[in-house]
Amino acid sequence: MRHVQAEPSPSSEPEAGPSQPPVRQGALQGGLLMGYSPAGGATSPGVYQVSIFSPPAGTSEPHRALKRQAPPTEGPRELKRGPGLGAREGLPPEEPSTVGLLGPEGLGLGLGVASQHFSHRGLCVVEQRSSVTSSWTSGAWSPPCPPSNASCNTLHTRDWASPDPGGQGSLGESPGPAPPGQLHTLDTDLHSLAQIGGKSPVAGVGNGGSLWPRESPGTANGHSPEHTPPGPGPPGPCPTKRRLLPAGEAPDVSSEEEGPAPRRRRGSLGHPTAANSSDAKATPFWSHLLPGPKEPVLDPTDCGPMGRRLKGARRLKLSPLRSLRKGPGLLSPPSASPVPTPAVSRTLLGSFEESLLRGRFAPSGHIEGFTAEIGASGSYCPQHVTLPVTVTFFDVSEQNAPAPFLGIVDLNPLGRKGYSVPKVGTIQVTLFNPNQTVVKMFLVTFDFSDMPAAHMTFLRHRLFLVPVGEEGNANPTHRLLCYLLHLRFRSSRSGRLSLHGDIRLLFSRRSLELDTGLPYELQAVTEAPHNPRYSPLP
């Protein structure tokens, strides 16, 4: 590797033509370092390396010029850059830069005033401004940077250009062998290069590189790309991130800093950006007009304070209808099907007696051994039957007052027809305790001669303790329930009457009648439904 270091003086005039002396002095402030590496064979061209040194700001110390001639192995070659490429790199179209390569006479270099970048087969150019030494790299290409005090290294290489085994790898180092196919790596702290994989469309760009690489997120002036006026962009489409705002929100274009991001925003989409686009600050204003991704159609009443108020008003308007459907005082929405509620969690609807009969109290325990003997008399006397009674007791009193027992006699063992009885007559039910002693004998008189076929009804026989002398007009608050018998009747399609289902009884301990110590007597009351008295079978 041979190097030629030239230092043009600021006062010298530039010479025209590539066939002038090897070093061309012009408006460039700094020095040139040119190196030539002969090819390994006769078929592959040599490699030329040109380094441009720009002195730091405030430095005017002259440099010593060193000039070396290239070996007379290559013929004269010339490369001119067109106006289009020069305009992209900051050159006016009428002043294209020219790079001239001569043969035995030496190495000639012609540069324009604003030329900083070179691309030629077998030519490597490195620009250095604030640092004395730089590294060579292979297969990398950095984007052009605006003039600033920060260091900016730019180089163009070919991957297939093998370095000279005896050449120098960097400035200030002694010549040494370099591994084939690999050059020194550029400092990653200076540039973050975004390379696009694939073949390069231009022969002067290495494999894996791109003629127009993507710009780094931050520019040289320290501003974000959103607040920097757009410059000449790449010729092809490049995805650009935009901040999309909802259609109802208009951003402040005059503000330099963006406010907090809205709670609901659309996803950013990549759209191709033209080279001569509008100002980047105005982009958030019209970006919401761009076509966005398809989203599920939302009800206009679902978003915004006005929509929420309308929905609330609609709910208040529909609440009276729901209350009429479910009953007064209930605002719960109507359900398609009633939800079954466990018997133990039902509320106490009606009287204490009704709650006991329907099993709305949680039982405290069961007593086994009770039996019941059932008989009837009338136009005919059916046979008496004895069935077991399931007895349950409850603890529903905060004080130690006695609670009644509930007994249930299941009639299903008698068959589907139940216990047959005459339409007019008397039913006798005798309850026995586990000791086979009579607890209570119930006698109920009934008359269902007008009952149609395939209907049903019931009778409820009660026994109260009422004060003596108040049998006719006893106050209900003064009555004390002692016994209760609930019978259910059903007429078949042929008109026969029978007891069906079960028989429910409420009774108390015998001490209840003895421990009162009051002048009370028993009073029997038999009740039946009135309107309607009979109900058709389901």
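Glycine is treated like the rest: Cβ placed from N, Cα and C.
The structure displayed is predicted, hence computed values, not measured ones.
Annotated features in Swiss-Prot:
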{"type": "COMPBIAS", "residues": "1-18", "note": "compositional bias 'Low complexity'"}
{"type": "REGION", "residues": "1-103", "note": "region 'Disordered'"}
{"type": "REGION", "residues": "153-185", "note": "region 'Disordered'"}
{"type": "REGION", "residues": "197-300", "note": "region 'Disordered'"}
{"type": "COMPBIAS", "residues": "227-238", "note": "compositional bias 'Pro residues'"}
{"type": "MOD_RES", "residues": "S254", "note": "phosphoserine"}
{"type": "MOD_RES", "residues": "S255", "note": "phosphoserine"}
{"type": "COMPBIAS", "residues": "323-334", "note": "compositional bias 'Low complexity'"}
{"type": "REGION", "residues": "323-342", "note": "region 'Disordered'"}
{"type": "REGION", "residues": "348-430", "note": "region 'Required for macropage invasion'"}
{"type": "REGION", "residues": "436-444", "note": "region 'Transactivation domain 1 (TAD1)'"}
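If you take every residue in the region 'Required for macropage invasion' (348-430) and average the pLDDT, you get 86. With DSSP states grouped into helix (H, G, I), strand (E, B) and coil, the region 'Required for macropage invasion' (348-430) comes out at 9 helix, 35 strand, 39 coil.
Taking H, G and I as helix, E and B as strand and the rest as coil, DSSP gives the region 'Transactivation domain 1 (TAD1)' (436-444) the counts 0 helix, 7 strand, 2 coil.
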